Amino acid sequence: MNADLATHAARSSRRGDRLTRWLACAGPVSFSAFCIGAAFTTYFCMYAFRKPFTAAEFSDVTLWGAGYKSVLIASQVAGYTLSKFIGIKVIAEMPPTRRAVAILSLIGLAELALLGFAVVPAPFNFPLLFVNGLPLGMVFGLVLSFLEGRRLTEALSAGLCASFIVASGAAKSVGRWLLVGVGVGEYWMPFTTGLLFIIPLTIAVWLLSRIPPPNEADVAQRVERVPMDRASRHAFFRRHAVGLTGLVAIFVSLTILRSLRDDFAVEIWRDLGEDAAPAVFALSETWVMFGVILINGSAAWIKPNRTAFVFSLVLTIGGFALVLTTLAWQAAGLLSPFFFMVMVGVGAYVPYVAFHTTVFERLIALYGERANLGYLMYLADASGYLGYVAVLITKPCLASRSGFFDLFFYLAAGISVVAIALAAALLAHYARVTQQELAPDTRVVEATC
C-alpha cells in the first residue's frame with residue numbers, strides 16, 4: 001500500500017471511524033451497494049449544477065448571428081474542456097485525503113457562477129457558464145478515484161456511470177418543472193436547481209469519503225494505483241502511444257455523439273415531431289441506464305484482464321453498430337421518437353461507459369502499470385470535449401431552430417463507421433501483444449479485515 005493510501009487508512013483509524021472499518025470487512029454486496037449509492041448520488045447531484053440550463057431555449061437573444069443557447073453550451077463546454085486538460089495533472093496527482101473537500105469546493109464555485117449568470121444580463125452573462133464548467137470537469141475523476149483499483153471496479157464504476165446517464169435527463173426535467181410548473185425565469189432556473197441539491201450532495205460526499213482504500217486482494221488482481229507526476233505520465237504514454245491514440249480517438253467520437261444527443265435533446269425531440277414533456281427526459285434516460293449498466297457491469301465477473309479488455313472493445317463495436325441500425329430503422333419510419341432516442345442512447349452509452357468502467361481500468365491491470373485511472377480518463381475526456389467544441393464552432397447550423405435532426409443523423413452515421421473501423425484495428429493491434437509483455441497472472445489473495 002502506498003504512502004497516501006496508508007495515510008488515508010491511518011487517519012480513518014485514528015478517528016475511530018466505525019463506518020470505514022465496517023466497510024473494510026463488509027461483504028461484496030453490502031460494500032458495492034454503499035459505494036455505488038454514495039458515488040451515484042454525488043455525481044447525480046453534480047449534474048444539477050451543470051445541465052439544467054439546457055432545458056431552456058433562450059430564444060429571445062442572439063449573439064454573433066448564433067442562437068444564444070448554442071453560445072451558452074459552447075461557453076460551458078469550453079470551460080469543461082479546459083477543466084479536463086487541467087485535470088490530467090490535478091486528478092493524477094491528487095492525494096486521497098483531499099478528494100472530498102475538493103469535490104465540494106469545485107461544485108460550490110460552479111453554483112456561484114450560476115448565481116452570476118442569473119444576475120448579469122444577457123448577452124453579457126455567457127462567460128459565467130465558462131466559469132461554471134471550469135470546476136465541474138474535475139468532479140468525475142475525483143469520484144472515480146474512490147472506486148478504482150478494486151476487484152469490483154467495473155460494477156462500482158457502472159453504478160457511478162448510471163448517474164450521468166439518468167442525471168442529465170433528471171436535471172433537465174427539474175429545470176423544465178421550474179420553468180413551466182413554478183414559473184422561475186430561464187436565467188434564474190439553473191441556480192435555483194442547484195440550490196435544491198446542496199444538502200443531498202453534502203451527505204453523499206461525506207459517505208463517499210468513508211470508503212476504505214483497496215485491500216490486498218484488490219491490489220493483487222488490479223495492481224496498486226498511485227499518483228502520477230509529469231515524468232511518469234509521459235513515460236506511460238510513450239510505452240502505450242499506439243494503443244492510447246486509437247482509444248482516445250474512439251472516445252472523441254463517443255463524446256461528440258453522446259454530447260450532441262444530450263445537449264440538444266429538446267431540439268431533437270422537436271424535429272422528430274414531439275414536444276417533449278418534462279418527464280420524458282428522465283424516462284428515456286432511465287431505460288438507457290438499465291440497459292447500459294447491466295451490459296457494462298457484467299465485466300466485473302470476467303477475471304482475466306485480457307479477456308475483459310477485449311470484451312470492452314467488442315462492446316464498443318456493438319454499440320456503434322446499434323447506432324447505425326437505429327438510424328437505418330428511423331430512416332425507414334420504423335421507430336417512434338421515444339424508441340429512437342432510447343436506442344441511440346444505448347448504442348452511444350454502452351461504449352462510452354465501457355471506457356469509464358473497463359477499457360482503461362483493465363489496460364492498467366493488463367500491463368501491471370503503476371498508474372491511475374484518473375490520468376487516462378482525463379487524457380481521453382480532454383480530447384473528447386475538445387473535439388466537441390470543434391463541432392460546435394464549425395457547424396453553424398447547430399444554432400438553427402430547424403433541421404437539427406438531419407445534422408445529428410449524418411454526424412452519428414459518419415462517427416459510427418469511423419469508430420467501428422478504429423475499434424477493429426485496435427483489436428488486431430492488441431491481439432499481437434505477447435504474453436511476455438503483460439503482467440504475470442494474477443495472484444489469488446484473500447481479503448482480511
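Cβ coordinates are placed from backbone N, Cα and C, and glycine is handled just like the others.
Note that TrEMBL annotation is computational and uncurated.
Per TrEMBL, transmembrane segment is recorded for 21-49, 61-80, 101-120, 126-147, 154-175, 187-208, 241-260, 280-302, 309-329, 335-355, 375-395, 407-428.
Contact check: the transmembrane segment (154-175) against the transmembrane segment (21-49) gives at least three Cβ pairs closer than 8 Å, residues 6 or more apart, which meets the contact criterion. Scored on C-beta pairs under 8 angstroms, the neighbour of the transmembrane segment (407-428) with the top count among 101-120, 187-208, 241-260, 335-355 is 241-260. Here the listed stretches are 101-120, 187-208, 241-260, 280-302, and the one with the most C-beta pairs under 8 angstroms to the transmembrane segment (375-395) is 241-260. Under the criterion of 3 or more C-beta pairs below 8 Å, with sequence separation of 6 or more, the transmembrane segment (101-120) and the transmembrane segment (187-208) qualify as touching. Sequence-remote contacts of a segment are chain residues at least 6 beyond its ends whose Cβ falls under 8 Å from one of its Cβ atoms, and for the transmembrane segment (241-260) they are 77, 316, 323, 348-349, 351-352, 355, 359-360, 363, 376, 379-381, 383-388, 391, 408, 411-412, 415-416, 418-419, 422-423, 425-426, 429-430. Counting same-chain residues at least six beyond the ends of the transmembrane segment (61-80), those with a Cβ under 8 angstroms from any Cβ of the stretch are 50, 53-54, 122-123, 126-127, 129-134, 136-137, 259, 263, 385, 388-389, 392-393, 396, 398-401.
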